[in-house]
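My questions will all concern the structure given below.
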Amino acid sequence: MTGLKQISIYTDGSCLGNPGPGGYGIVLKYKKQTKELADGFALTTNNRMELLAPIVALEVLKVPCQVILTSDSQYMRQGITQWIHGWKRKGWLTSAGQPVKNVDLWKRLDTVSQRHQIDWRWVKGHAGHTENERCDDLARQAAEAKPSQEDSGYINQQAQA
């Protein structure tokens, strides 16, 4: 897969209350172009927003790309690079035999990541990393904007609990 566009993506999720109003922030960089995306939900969790951010970022890419995706979420990074293989083998159950939380988003992230060559990177949050700080601001602003959009996956997950 050579000759692919090289894209840098930075993502973050935020939740006020956890669960509570939440949002995600994304910074995409291609050559000298930068695009920012953010959205909020009325009731969700921090982990769901940390997962939704890379999903949305990867879904906006129109063609397969070589991606460096940087996040401050160990949950997302370890999940997609390590844990997901066992979950899929076990029918989306954890090593303890429990249903994987946020399975709707894990499945989406798994599917959309198949289109791209991705280098999943972690950066310490709130440590002065320019793009991560910008994503954090975007995510927090989206959560604070009194979003009315429903996170149907979270609502369905709560109904089944």
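Every residue, even glycine, has its Cβ placed from backbone N, Cα and C.
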Given that Swiss-Prot lists D12, E50 as binding Mg(2+) 1, which residue among D72, D104 does it place in the same site?
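Within the candidate list, Swiss-Prot flags D72.
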Can you check which of 75-103, 133-161 Swiss-Prot lists as region 'Disordered'?
133-161
Apart from D12, E50, D72, which residues in this chain have a Cβ no more than 8 Å from the mean position of the Cβ atoms of those residues at the Mg(2+) 1 site?
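Filtered neighbour residues, in order: T11, G13, S14, M49, A53, S71, S73, M76, G125, N132, C135, D136, A139.
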Work out how many Å separate D72 (Mg(2+) 1 binding site) and D136 (Mg(2+) 2 binding site) at their Cα atoms, rounded off.
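Distance between the two Cα atoms comes out at 10 Å.
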Report the DSSP secondary-structure composition of the region 'Disordered' (133-161) as helix, strand and coil residue counts.
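Once the DSSP states are binned, the region 'Disordered' (133-161) shows 21 helix, 0 strand, 8 coil.
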Cβ distance under 8 Å to D12 (Mg(2+) 1 binding site), same chain, sequence separation 6 or more: which residues?
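Within the chain, D12 (Mg(2+) 1 binding site) has Cβ neighbours under 8 Å at Y24, G25, E50, A53, S71, D72, S73, G125, N132, C135, D136, L138, A139.
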